[in-house]
Amino acid sequence: MAGFILAIDQGTTSSRAIVFDKNMENCGVGQEEFPQHFPHSGWVEHAPDDLWQSTLRVCRAALEAASLEASEISAIGITNQRETAVVWDRKTGEPVYNAIVWQDRRTAAFCEKLRQDGREPLVSEKTGLLLDPYFSGTKVAWVLDNVKGARARADAGELAFGTVDSWLIWNLTKGARHVTDATNASRTLLFNIHSNSWDEELCGLLGVPMSLLPEVLDSAADFGTSVESLFGAPLPICGVAGDQQAATVGQACFAPGMVKSTYGTGCFALLNTGSEPVASSNRLLTTIAYRLNGETTYALEGSIFVAGAAVQWLRDGLGVIGAASDTQALAEQAADRDPLYLVPAFVGLGAPHWDPDARGAVFGLTRDSGPSDFARAALESVGYQTRDLIDAMQADWAADGETVLRVDGGMTASDWTMQFLSDILAAPVDRPEVLETTALGAAWLAGHHVGAWPGMEEFSSHWRLQKRFAPGMLQDKREKLLKGWREAVSRTRKSLF
Ligand SMILES: Nc1ncnc2c1ncn2[C@@H]1O[C@H](COP(=O)(O)OP(=O)(O)O)[C@@H](O)[C@H]1O
Ligand SMILES: O=P(O)(O)OC[C@H](O)CO
């Protein structure tokens with residue numbers, strides 16, 4: 001077997017496909033952005049057909065870039081933006097509404113009502129999650145209750161729900177398979193992470209009939225075969241994981257205590273806690289890191305909604321930079337005086353605050369403040385937010401030895417940001433040679449399942465350090481900066497409205 005794997009990475013802003021060879025080297029990429037829809041304040045939607053068609057095109061582009069025929073590919077691995085919910089008709093395959101994206105806040109009132117009814121402890125205990133609009137379950141209920149006739153069709157068994165992996169597999173197999181993996185299921189609010197099954201009580205609570213739900217498989221399993229007409233040869237789909245879990249795999253964070261943090265639009269840090277789910281006392285999520293051969297490995301997760309998105313705001317909102325990479329030079333120009341703090345609560349605050357009503361704020365403005373201070377504050381906000389997550393993780397679960405953070409994602413290109421991150425964490429930050437860890441993780445799940453790629457140990461030994469950032473900041477300075485940050489967050493959370 002040639003050992004080529006086609007990895008699909010369907011993300012929030014773009015669809016990407018990468019062909020990896022048997023040495024796990026990238027040998028062809030396809031990438032496409034697709035439209036974002038914001039029909040009302042706080043609402044974010046994607047057209048399901050855009051997700052599917054862009055995925056199809058980037059797969060074909062990656063095969064072409066690698067100069068390969070589909071028949072030379074051993075398997076497909078899929079990783080995806082998580083929580084985003086699609087509901088479609090089982091007979092026609094037509095979506096009944098747009099995909100409601102993870103960032104969408106429209107179900108905040110429903111979540112608040114469930115909280116007021118005292119439901120959060122039950123939900124948290126079973127799912128490891130919190131009652132927040134971030135997760136899929138309340139989005140599905142919204143579709144059923146707001147699209148004309150949808151609830152009746154759901155009750156009649158005519159509709160299917162899936163996260164984006166399910167939706168893509170449904171289309172790749174022309175409706176033959178309605179499946180997902182345990183990591184994606186664990187983000188829905190409907191899945192019991194202890195029994196590893198859909199939970200009737202939670203489905204009843206949220207108003208989602210169980211007939212809508214996909215079959216849940218291990219992260220490396222037989223998810224179906226793409227129909228021949230799509231690529232010219234049928235391809236088995238053998239690996240599926242949510243993108244942050246796939247990055248955990250791609251970073252080879254297989255041992256309890258290992259942490260990865262991905263800096264894209266948002267930032268998501270996952271700490272491998274092994275075979276036992278650890279309940280957080282600090283408002284982190286307990287989630288499934290991966291499920292292999294029926295055995296579940298759990299993680300504690302900290303989710304930050306705005307990381308690289310703060311850099312996008314500098315570019316598109318303020319217009320003070322032309323490209324994301326300009327931030328570093330600008331931040332370096334900022335004078336080392338009293339800091340400017342940006343709390344980027346543009347869509348509320350995620351972990352550990354979970355405050356959907358908070359909105360962004362800037363503290364410490366003076367007459368001299370200018371674009372360089374804003375650039376620096378935006379990059380520093382990523383470090384401060386990560387520090388809050390790591391503090392919460394350490395309070396929840398004491399790891400042996402020093403914490404080392406393995407990082408990936410677009411923002412890690414910035415040395416300045418990674419150095420500040422290490423300084424403010426007082427811990428080493430390791431940037432690997434391969435930054436496409438998300439796609440690599442999905443490829444490994446599939447490649448290993450079909451016997452074309454090595455096992456966990458050998459895969460882990462392929463992980464290569466590109467650069468280690470070591471903390472250099474004096475303790476006093478770090479403490480002073482952190483005190484200011486915490487005060488800034490606390491003032492941001494006092495709603496103005
Ligand atoms: N050199 C850089 N410095 C700072 N931020 C960057 C840099 N390059 C990219 N980014 C930020 O990283 C994000 C893109 O990363 P990526 O991993 O592709 O994200 P996603 O998968 O969420 O779309 C963007 O928000 C962009 O602003
Ligand atoms: O598509 P990304 O990389 O922004 O990741 C989004 C996360 O999966 C949301 O939970």
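From the backbone N, Cα and C atoms, a Cβ is placed for every residue, glycine too.
Feature annotations, courtesy of TrEMBL:
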BINDING   Thr12, Thr13, Ser14, Thr265, Gly308, Gln312, Gly410  ATP binding site
BINDING   Thr12, Arg16, Thr265, Gly308, Gly410  ADP binding site
BINDING   Thr12, Arg82, Glu83, Tyr134, Asp243  sn-glycerol 3-phosphate binding site
BINDING   Arg82, Glu83, Tyr134, Asp243, Gln244  glycerol binding site
DOMAIN    5-250  domain 'Carbohydrate kinase FGGY N-terminal'
DOMAIN    261-448  domain 'Carbohydrate kinase FGGY C-terminal'
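Projection of TrEMBL feature records onto the structure.
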residue : record                               : contacts (Cβ under 8 Å, 6+ apart)
Thr12   : ATP binding site                     : Gln81, Thr84, Val101, Trp102, Gln103, Gly264, Thr265
Thr13   : ATP binding site                     : Glu33, Phe34, Gln36, Thr265
Ser14   : ATP binding site                     : Gln31, Glu32, Glu33, Phe34, Ser54
Arg82   : sn-glycerol 3-phosphate binding site : Trp102, Thr163, Thr183, Asn184, Arg187, Gly242, Asp243, Gln244
Glu83   : sn-glycerol 3-phosphate binding site : Trp102, Tyr134, Phe135, Ser136, Lys139, Thr163, Arg187, Thr188
Gly308  : ATP binding site                     : Tyr263, Gly264, Thr265, Gly266, Ala324, Gly409, Gly410, Met411
Gln312  : ATP binding site                     : Thr265, Ala324
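The binding-site residues near ligand 2, defined by a Cβ under 6 Å from one of its atoms, are Arg82, chosen from Ser14, Arg16, Arg82. In this model, the domain 'Carbohydrate kinase FGGY C-terminal' (261-448) carries an average pLDDT of 92. With a cut-off of under 6 Å between the Cβ and any atom of ligand 1, the binding-site residues Arg16, Tyr134, Asp243, Gln244, Gln312 reduce to Gln312. Apart from Thr12, Arg82, Glu83, Tyr134, Asp243, the residues listed for sn-glycerol 3-phosphate, the same chain places the Cβ atoms of Asn80, Gln81, Thr84, Val101, Trp102, Arg187, Gly242, Gln244 within 8 Å of the centroid of those Cβ atoms. Taking Cβ-Cβ distances under 8 Å and a sequence gap of 6 or more within the same chain, the neighbours of Arg16 (ADP binding site) are Ile8, Asp9, Gln10, Val29, Gly30, Gln31, Glu32, Val58, Ala439.
Other residues of the chain with a Cβ within 8 Å of the Cβ centroid of Arg82, Glu83, Tyr134, Asp243, Gln244, the glycerol site, are Gln81, Thr84, Trp102, Arg187, Gly242, Phe268, Ser303. The Cβ neighbour count for Asp243 (sn-glycerol 3-phosphate binding site), using a 10 Å radius and every protein chain shown, is 30.
According to DSSP, Ser14 (ATP binding site) is assigned to a strand segment. Shown are the binding-site residues Gln244, Thr265; the one with the most C-beta atoms within 10 angstroms of its own C-beta is Gln244. Gly410 (ATP binding site) counts 16 other C-beta atoms within 10 Å of its own C-beta, drawing on all protein chains shown. DSSP gives Thr265 (ATP binding site) a coil state; it is part of no helix or strand. Binding of sn-glycerol 3-phosphate is attributed in the record to Thr12, Arg82, Glu83, Tyr134, Asp243, and the widest Cα separation among these residues amounts to 15 Å. All protein chains considered, the CB of Tyr134 (sn-glycerol 3-phosphate binding site) has 27 other CB atoms within 10 Å.
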